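J.: Dropping a structure here in structure tokens format, bear with me for questions.
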Amino acid sequence: MITQTVVLSAFLCSVHSFTIQDSLEKSDQYSGNTIEDDDFSISTLLERANANVGKNFDEPLVIGDIAVPTGFQNADPCTERGCLWPKSPDGNVYVPYRISRQFSQREREVIIQGLRSFAQSTCIRFTPLNRQRDFVNIQSRSGCYSFVGRRGNGQIVSLNRRGCVFHSIVQHELLHALGFNHEQTRSDRDNHVRILLQNVIPGMEHNFRKIQTRNLGTPYDYSSVMHYGRFAFSKNREPTILPIPDNDVVIGRATQMSPTDILRINRLYRCNSTAPALQIQLLPEPEPVQRNHFL
Ligand SMILES: [Zn+2]
């Protein structure tokens, strides 16, 4: 009985918040879709900061803002070895980190704030490195990038001091490190966006390929911090990503993780934290585990 009440109130809550969100979206969905309005979208920030990414000899191959281990491009090491971070018996997932001394005190604070934000609504706990083998090694390299999932040993998360030290980018890159891909590469993205490859800078088409992702029963989310903006990698100031069926919906402008981003972490890592999940429509968990989830 108690369970039924909880489920019912969660359902009512989701209906209610959807109504509010709908009206909010309607009020501004027809404004602010110019390329200038996209100046601070995640993808614009990444594009700007990644102009010279990965060109140093000691850096990994970087595609978009995803680092790829050379020699493994066609394989999917995640499915072979498991690239989730391990869960501790207390239910939390501890992800050790080290932050390079390259960063100023102010930059360090922005990064730590980003790391801490995960603990507010998920079971992810970024903790200072203390002799663990696997950890995220946060440095200011040639751009903003991260590997997808746990790679083993110290894995670089690059947050260039000029262009990447923003709350949204910190969360974005760490979501990659936790195992997430870009929203517009989701397996079901063709139901929600149209990719206009004719407007994409030649050679950048790979940023728009579709991946057989596990979507964890969560809806496609235009406001995910993992969603690129409509002019991402545009060669002609024309859109490269169009939301469908309503082309005017605002996309890719998240300044922080959305409730869906949080729900996905909680589902992928089977966290018990559920508070933010009540604000969005809950779908059944489903989907057989698909291969090629990561990269
Ligand atoms: Zn990314």
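Quick reminder: no glycine exception, Cβ is built from N, Cα and C everywhere.
TrEMBL labels come from automatic prediction, so no person has curated them.
The active site annotation in TrEMBL covers Glu173. According to TrEMBL, the feature Zn(2+) binding site maps to His172, His176, His182. The domain 'Peptidase M12A' annotation in TrEMBL covers 74-272. Summarising the annotation, TrEMBL assigns signal peptide to 1-17.
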J.: I'd like to know which of these binding-site residues, His172, His176, His182, is least surrounded, judged by other CB atoms within 10 A.
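T.: His176, out of the binding-site residues His172, His176, His182, has the fewest neighbouring Cβ atoms within 10 Å.
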J.: Starting from the Zn(2+) site formed by His172, His176, His182, give every other residue of that chain whose CB sits within 8 Å of the mean position of their CB atoms, in sequence order.
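T.: Apart from His172, His176, His182, the close residues are Ile42, Asp65, Ile66, Ser146, Glu173, Leu175, Phe180, Asn181, Val225, Met226.
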J.: Under DSSP, is His182 (Zn(2+) binding site) helix, strand or coil?
T.: coil
J.: Restricting to the same chain and to sequence separations of six or more, state which residues have a Cβ under 8 Å from that of Glu173 (active site).
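T.: In sequence order, the residues whose Cβ lies under 8 Å from that of Glu173 (active site) (at least 6 apart) are Asp65, Cys144, Tyr145, Ser146, Val157, Ser158, Leu159, Cys164.
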